[in-house]
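As recorded in TrEMBL:
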| type | residues | note |
| --- | --- | --- |
| DOMAIN | 109-268 | domain 'Sodium/calcium exchanger membrane region' |
| DOMAIN | 302-440 | domain 'Sodium/calcium exchanger membrane region' |
| TRANSMEM | 83-105 | transmembrane segment |
| TRANSMEM | 111-130 | transmembrane segment |
| TRANSMEM | 142-163 | transmembrane segment |
| TRANSMEM | 175-200 | transmembrane segment |
| TRANSMEM | 212-234 | transmembrane segment |
| TRANSMEM | 246-266 | transmembrane segment |
| TRANSMEM | 302-321 | transmembrane segment |
| TRANSMEM | 341-360 | transmembrane segment |
| TRANSMEM | 372-395 | transmembrane segment |
| TRANSMEM | 401-420 | transmembrane segment |
| TRANSMEM | 427-447 | transmembrane segment |
Amino acid sequence: MGSITKQQQQQGYVEPGCLERGDNMKGPLMNKENVHHHHHHHHGFRSAHNMSTTSLRKKSDLSLVSKLKWGFLRNFLANLQQVFLGTKLAILIPAIPLAIFAFYYHFGSAWVFALSLLGLIPLAERVSFLTEQIAYYTGPTVGGLLNATCGNATELIIALLALKQQKITVLKCSLVGSVLSNLLLVLGSSLFCGGLFNISKEQKFERKQADVNSVLLILGLLCLMLPMTFRYYAVASGIQAIQPTLQLSRVCSIVMLLAYVGFLFFQLKTHRQIFEAQEEVDDDNDDDVVSDEEPVIGFPSAIVWLLGMTVVIALLSEYVVGTIEAASEYWGVSVGFNSIILLPIVGNAAEHAGAVIFAFKNKLDITLGVSLGSATQVSMFVIPITVIVAWIMGIPMDLDFKLLETASLFVAVLVTAFTLQDGTSHYIKGLVLLLCYVAIGACFFVLKISPDQANGLNLGVNSSVKGVIEA
């Protein structure tokens, strides 16, 4: 402790080792005022996104680990315990090695697909945990940015891998499905359960946040509708449609990204108070919930863990994308259903559970922040990024998400925007959203057209229309 200067002592400086070892910071410096000071110093931007997953965490008991003699080993094991056992989803972690095993010993692609999906669930939750830990060290703005990008790390990685394997249909379906599941399933189930649970109270939420998100989603819809309607129009007029549609898609993607950058600036800089998660002091403080005040993992180790997790997520996503067709065939379900319904549910499972738990506690602001925030992120950030990356890679991916997908997305955004009009919520709103999701799910379940046939149909229509025009 001798190396610490007076100035650092006044600022409530903590030796990094103390935090990592979890030895309750019994150093001479840590008297009450300094503790307070220190928290104030590090208290990051609590976005709804990371609030949502805190509810799934439990405190790991560090007393076993701290008996070890060697500092480095003890640090390492304490970190291991925080990273792997700090979540109630730890039961699903064995699915990760099993998936890799199933892949190398050729158990059949249905097994690989199912196990990889299960393995992705805890990983998605851990990534948000680690970004939150990093946010304690970097300060609120960078932390918020990190949250915004890593919050949907699984979706982004799945999208990029599907691009790499040139499975454009799977990619488009999983992105649309991600927005749909956030808007209808996550929001619907949390409003429904929260409404039934708090049936006697009035459930209120901050309308400003919901409004900003709805407006952005509608702009995203416009950018998705334009290329699609443009293609139909061009085909009807007998113009060559493929190249102009691509160019239009790229322009629209840049527009969406500009809107998203503006939104981030708005959210993290100018109007932070709207988005800061409302923290109220609870009467029932559970011992299970991790105290949100100090980081449990050191900065360098958090970054190393984050990189490691990302690599594992990439591996599992590669398995998922590679085996989706074979698995769909094996189960007798269409690829569209698997990529619109199953993939997104898995990517959002941890957030989903968190959102529902906060709705039970009548904290709808956090619930909305999670579901609407994720939906906005996917539609305004992940979709345009994939188009631009595809452009760099020379793959012709456009924003023409086929009529059925775009229509369901359109209705989903409309219903959600109307649901959140008046700033209060009842269970009937949640029920309506859930039923919309069921209907859309049924539609894609029944739709047994394989992607190649769908493309063939479009071409058939094009040629017949051209024939008519020429005649």
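Here the Cβ of each residue, glycine as well, is placed from N, Cα and C on the backbone.
What TrEMBL says about a protein is an automatic prediction, not a curated fact.
Simply put, out of 142-163, 246-266, 401-420, 142-163 has the most Cβ pairs sitting under 8 Å from the transmembrane segment (302-321). Here the transmembrane segment (246-266) sits apart from the transmembrane segment (175-200); fewer than 3 CB pairs are under 8 Å, leaving out pairs fewer than 6 apart in sequence. Between the transmembrane segment (401-420) and the transmembrane segment (212-234), the number of CB pairs under 8 angstroms, six or more residues apart, is three or more, so the stretches are in contact. Within the chain, the transmembrane segment (212-234) has long-range Cβ neighbours (under 8 A, six or more residues past its boundaries) at 179, 183, 240-241, 244-245, 248-249, 252-253, 255-256, 259-260, 263, 266, 274, 368, 372-373, 375-376, 379-380, 383-384, 398-403, 406, 409-410, 413, 416-417, 420.
Sequence-distant contacts of the transmembrane segment (372-395) (same chain, at least 6 residues past either end, Cβ-Cβ under 8 Å): 47-49, 148-149, 151-152, 155-156, 159-160, 163-164, 166, 168, 171, 175, 178-179, 182-183, 186-187, 209-210, 213-214, 216-217, 219-221, 223-224, 249-250, 252-254, 256-257, 259-260, 263, 348, 351, 416. The DSSP breakdown of the domain 'Sodium/calcium exchanger membrane region' (302-440), given as helix, strand and coil counts, is 116 helix, 2 strand, 21 coil.
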